[in-house]
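Asker: Take this structure, written in structure tokens, and hold onto it; I'll ask about it next.
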């Protein structure tokens, strides 16, 4: 490699380094305003991602540089994403003025008619804006993570940031009067919620960090590059021990959320990551894997004894909670059946469900969410278009499996698969990935895992 080639390569990578810093800052700071779960933060988030994208594309054009991962490399996901976004936009177009009103008979016998598919076009417009931001964020992450070492640094930065948020959550719970952003809590007293309002949302956030920590710890402690491992007391190994310790602390924080499904989903994702690491690292001895697994089980048992009391106690209420939840899901299925193909409009569940809610589901409670992201998608955008987000995640899973075979750095796609398992499981009975901060973190780990990186030349 000549000096001139090196200089050109450095100039081309500069926009991507700057892009990586900007994207990491957005994702890391997203939890600060209550998980970014407010319309103003949805709009602000989409605006900031758009500005970052505009500056990045402008910088590439000025330098005459090409995209590291062009749209053509992801044609099918791009087409599906645009189709979903297009459907959200179509839901707010007044088609009824041309083709006749969209009529629906409610359980009460009342027939309602709208000129738009969405019963709340304003809410659906915000949903479309948010989804557009998600898509652009993912595309930009593919560019920023196209360099092997940069991708590893990005994953590590996310992990460390989640550890920092867990530390804040512990301080807020124990030292700041169980507050949320210095304000008195109005829900989930006694549970660690960090900057989020909902303990389950914070649990998903921590669980994704735990999965990343498991992968990064194993790679450092057992060897990720196939080379000789350093001495047990070397500076590199001492840093590895700190990563492993931080991972254990994340698991402790996860227990402190008292989220039953959050703990289960995090442990499931971490277990999958461990299994993938063992399968893709045949040079790692079975003894080392067994020792690591036993150490993990011992740490889990100790954490369950020290911090798992709230989770165990809530297990006693599973039957009662399950009865209410099943009744809720049955009524949501009725909501879906009323408009199976069109849906009620993006972000309209809260409004639409009021007409279908009945005992034993609480009538004096405002059900803002479906408590199942799958059912939420189908109720708002219909069975066909509502399945597109699920299909996109399935394609991401397939892409991560391919990356496990293709990439030199196996830990990043292994973390991606673990994060998918965690998010997919928790989304069955919760809405955590509907929080923008969690959605951004989920997208960030997948973008880092799926970015296509050139192999390093061996000399």
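Sequential numbering from 1, following the chain as shown.
In case you wondered, yes, glycine gets a Cβ from its N, Cα and C as well.
Feature table excerpt (TrEMBL):
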- 18-34: transmembrane segment (TRANSMEM)
- 40-62: transmembrane segment (TRANSMEM)
- 74-99: transmembrane segment (TRANSMEM)
- 119-141: transmembrane segment (TRANSMEM)
- 153-176: transmembrane segment (TRANSMEM)
- 196-218: transmembrane segment (TRANSMEM)
- 238-256: transmembrane segment (TRANSMEM)
- 245-384: domain 'O-antigen ligase-related' (DOMAIN)
- 262-279: transmembrane segment (TRANSMEM)
- 288-307: transmembrane segment (TRANSMEM)
- 383-404: transmembrane segment (TRANSMEM)
- 411-429: transmembrane segment (TRANSMEM)
- 435-451: transmembrane segment (TRANSMEM)
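Describe each of these features in terms of where it is and what it packs against.
Answerer: Long-range contacts of the transmembrane segment (153-176) within its own chain (CB-CB distance under 8 A, at least 6 residues past either end) are made by residues 20, 24, 27-28, 31, 144-145, 182, 191-195, 202, 205-206, 208-209, 212-213, 216, 243, 246, 249-250, 253, 256, 411-412, 415, 441, 444-445, 448.
Beyond the ends of the transmembrane segment (196-218), by six or more residues, the same chain brings 31, 34-35, 37, 155-156, 158-159, 162-163, 165-166, 169, 180, 186-188, 224, 240, 243-244, 246-247, 250-251, 253-254, 257-259, 261-263, 265-266, 269-270, 273-274, 277, 292, 411-412, 414-415, 418-419, 422-423, 426, 430-433, 435, 437-438, 441-442, 445 to within a C-beta distance below 8 angstroms of the stretch.
Long-range contacts of the transmembrane segment (383-404) within the same chain, counting only residues at least 6 positions beyond its ends with a Cβ under 8 Å from a Cβ of the stretch, are 76-77, 80-81, 83-84, 87, 276, 280, 336, 340-341, 343, 374, 377, 410, 412-414, 416-417, 420, 423-424, 446, 449-450.
Away from its own ends, the transmembrane segment (411-429) comes close to residues 151-152, 155, 200, 203-204, 207-208, 211-212, 214-216, 218-219, 224, 261-262, 264-266, 268-270, 272-273, 276-277, 280, 325, 371-374, 393, 396-397, 400-401, 403-404, 442, 445-446, 448-450 of its chain (Cβ-Cβ under 8 Å, at least six residues beyond either end).
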Asker: Calculate the per-residue pLDDT averaged over the domain 'O-antigen ligase-related' (245-384) and state the result as an integer.
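Answerer: Summing pLDDT over the domain 'O-antigen ligase-related' (245-384) and dividing by its length gives 81.
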Asker: Between the stretches 18-34, 40-62, 119-141, 262-279, which wins on the count of C-beta pairs under 8 angstroms to the transmembrane segment (74-99)?
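Answerer: Looking only at 18-34, 40-62, 119-141, 262-279, the most contacts with the transmembrane segment (74-99) come from 119-141.
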